[in-house]
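Data block below; observations after.
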């Protein structure tokens with residue numbers, strides 16, 4: 001465990017070195033928030049609620065979803081690169097589990113991202129976009145638990161990209177595809193409640209809404225009480241299913257390396 | 001000019017051969033972009049599922065703006081995508097020197113060395129969106145209007161190119177300007193919505209500083225009655241020529257500085 | 001013909017301070033230090049010469065080559081290459097030259113090598129009949145036949161370098177710059193590559209400028225070498241004369257039984273020179289016109305316990321090393 005924590009720490013240090021990317025990312029998130037603010041104000045011009053959500057709730061939802069949406073990606077791309085250039089073979093000889101190592105590095109990135117990006121941006125959102133505080137302390141607590149689960153689900157699921165790289169080698173397209181699916185079905189663009197009912201049904205059977213929609217809806221009060229606990233339980237189930245599934249696929253993929261030599 | 005078009009064709013053929021090496025990837029690329037663009041349309045559709053107009057703009061009017069943006073962007077994306085890699089693929093590893101020892105313009109070589117197949121996907125979506133929107137807009141389509149639309153789309157592509165080229169050129173001084181390009185590119189999402197919904201500051205920037213407003217909203221508004229932006233929209237080709245000239249001059253300066261300071 | 005007169009290239013190095021405050025300070029008041037990468041060098045190279053251009057890392061080799069190629073503007077001085085000033089007319093100069101830059105490939109990574117040559121044919125506007133003739137010749141000399149249909153990414157290092165060389169010579173340039181063409185290759189491939197370079201020089205009278213750390217390359221290919229160090233030319237002349245001049249130099253490395261202070265035995269003072277003392281190894285250099293190796297060794301054995309010794313030979317390799325270390 002300790003070595004993975006050390007890896008995470010090294011990643012935090014590494015991240016602080018890339019200041020150019022830090023400013024670029026922050027700038028583009030602020031721009032996105034500006035668009036969100038202007039766009040939704042225009043949408044609400046002639047009405048007070050959409051899907052039972054007033055404007056301030058909607059903006060709170062979209063801003064939080066945008067910020068949380070930054071966490072659902074992971075290190076699948078990095079794994080894919082290692083698979084492509086063959087360095088995965090060397091990694092496999094090292095005394096650690098490669099998947100866990102990558103997840104640890106990702107955790108490091110996310111910790112430094114939270115401190116350096118998310119908190120300041122959240123402050124900006126509170127001050128200038130006037131987003132709502134959580135409805136109660138309990139909902140804040142549930143939000144944090146649910147958000148963590150969502151992030152874990154996203155991180156694990158992302159590894160699929162890397163595993164697929166054993167068979168496909170133009171991984172960029174796959175990542176774009178993943179981003180699109182995630183943006184839509186995770187609920188980053190609009191709350192799932194705005195979907196037509198048949199699409200909500202579909203979404204209920206997918207793991208994606210567990211990543212962003214569920215935690216943020218708990219924060220804004222769309223999901224409350226027993227429903228919130230239920231939603232968190234479903235998140236847990238997804239997390240377990242995905243972790244097991246990924247490990248199985250991984251051991252299958254590794255066999256391919258050891259048999260064909262990469 | 002003739003020589004360069006012939007040469008481009010040679011590069012293009014080579015690129016096609018590379019693509020055919022990786023057919024599955026080609027399909028995934030096109031599909032993924034189809035899907036990405038699809039989601040942004042779906043997003044608008046979902047919003048209009050719940051409201052009738054946004055600041056007086058209808059669903060189909062908005063789709064029309066989207067279509068212009070997508071078509072312009074996809075042209076730029078298909079043919080000029082390699083500019084993104086100037087820093088980390090050419091300047092940092094020293095590959096730029098390799099381009100300079102050939103008797104062909106280096107900017108041309110960078111552009112020609114890659115054709116981004118994914119652009120085909122967004123071009124297709126753009127066409128579909130355009131033809132979905134047009135029947136609902138009560139526009140008169142004569143040859144003049146069609147030609148005008150084509151000019152506007154090409155101008156939109158040229159502005160995208162100019163902005164990208166300008167910020168890619170920074171790589172000559174800072175080795176890799178990718179983060180800057182990325183941040184600037186984020187601004188083009190603004191341009192897909194009616195400019196009236198933004199405050200004065202944002203509108204000023206998108207019109208005068210980084211004229212992304214001319215990649216979608218202004219030229220599209222030219223065709224939409226009563227938008228009140230017709231007189232601005234007509235300037236789109238001029239904006240395209242001016243921004244592209246500025247970007248090319250800046251590129252030349254960057255190249256000169258690169259050649260005198262080395263790397 | 002290449003003519004270089006009083007050529008210099010200075011780099012301004014910005015002294016960066018760490019952190020954000022340093023970056024902000026840097027915007028206003030910058031401190032520069034000047035690095036003289038190439039410092040007032042002159043030489044003339046005739047058409048058809050094969051010249052080894054050597055120096056330690058950072059000596060100014062690649063800066064010079066870049067200026068000759070026209071991809072770097074000199075700070076001062078003159079260059080003409082076949083009558084062209086390269087940095088003023090880079091593209092015109094480019095059609096006369098070929099270049100191999102170490103490990104960087106100019107071939108398409110993902111498609112068959114043949115396609116890359118086809119593209120180069122168009123880039124350099126090589127007439128079809130000439131292209132076919134050259135390709136036939138290369139296929140024979142470099143044994144490219146079996147490689148032409150394979151994408152570059154699947155070639156071994158040696159195969160890649162053979163293809164790379166062919167690409168550099170494809171348009172029959174009058175000058176070719178080769179930067180480390182044999183680095184990391186096995187002996188058989190090295191031999192083949194050297195043969196090819198010599199053959200091109202013989203049949204097309206191509207001028208070859210070779211930078212390398214492999215002295216074997218130099219000895220087999222070049223008649224003339226230019227040695228550069230810290231931006232200045234240390235030596236410019238034939239390999240034979242440098243051997244005549246320095247060939248009598250010997251260096252003996254003594255592995256001492258005990259580490260510690262070393263003083264030259266009195267009997268060797270003025271005859272041999274103490275050059276280095278690292279990790280228990282003492283190196284003495286001397287001229288075998290003045291004192292024989294046997295005498296040096298026996299003197300050393302009288303005063304010290306020696307575990308082992310090696311005598312460096314007088315091949316060009318050790319001469320050059322000696323020049324790098326101590327100057328001419």
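Note that Cβ sites are derived from N, Cα and C of the backbone, with glycine treated the same way.
Annotated features, as they stand in TrEMBL:
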- A:20-39: transmembrane segment (TRANSMEM)
- A:59-80: transmembrane segment (TRANSMEM)
- A:114-131: transmembrane segment (TRANSMEM)
- A:137-168: transmembrane segment (TRANSMEM)
- A:180-206: transmembrane segment (TRANSMEM)
- A:226-250: transmembrane segment (TRANSMEM)
Please tell me whether the transmembrane segment (A:180-206) and the transmembrane segment (A:59-80) touch - that is, whether there are at least 3 C-beta pairs under 8 Å between them, with each pair 6 or more apart in sequence. yes
Return yes if the transmembrane segment (A:59-80) and the transmembrane segment (A:137-168) have at least 3 CB pairs under 8 Å (sequence gap of 6 or more), otherwise no. yes
Answer key: the stretch among A:20-39, A:137-168, A:226-250 with most Cβ pairs under 8 A to the transmembrane segment (A:114-131) is A:20-39
Mind checking which residues of the chain, 6+ beyond the ends of the transmembrane segment (A:20-39), have their Cβ under 8 Å from one of its Cβ atoms? 59, 62-63, 66-67, 70, 116-117, 120-121, 124-125, 129
Residues of the parent chain within Cβ reach of the transmembrane segment (A:226-250), under 8 Å, 6 or more residues beyond its termini: 99, 139, 142, 145-146, 149-150, 152-153, 156-157, 159-160, 163, 207, 210, 214, 217-218
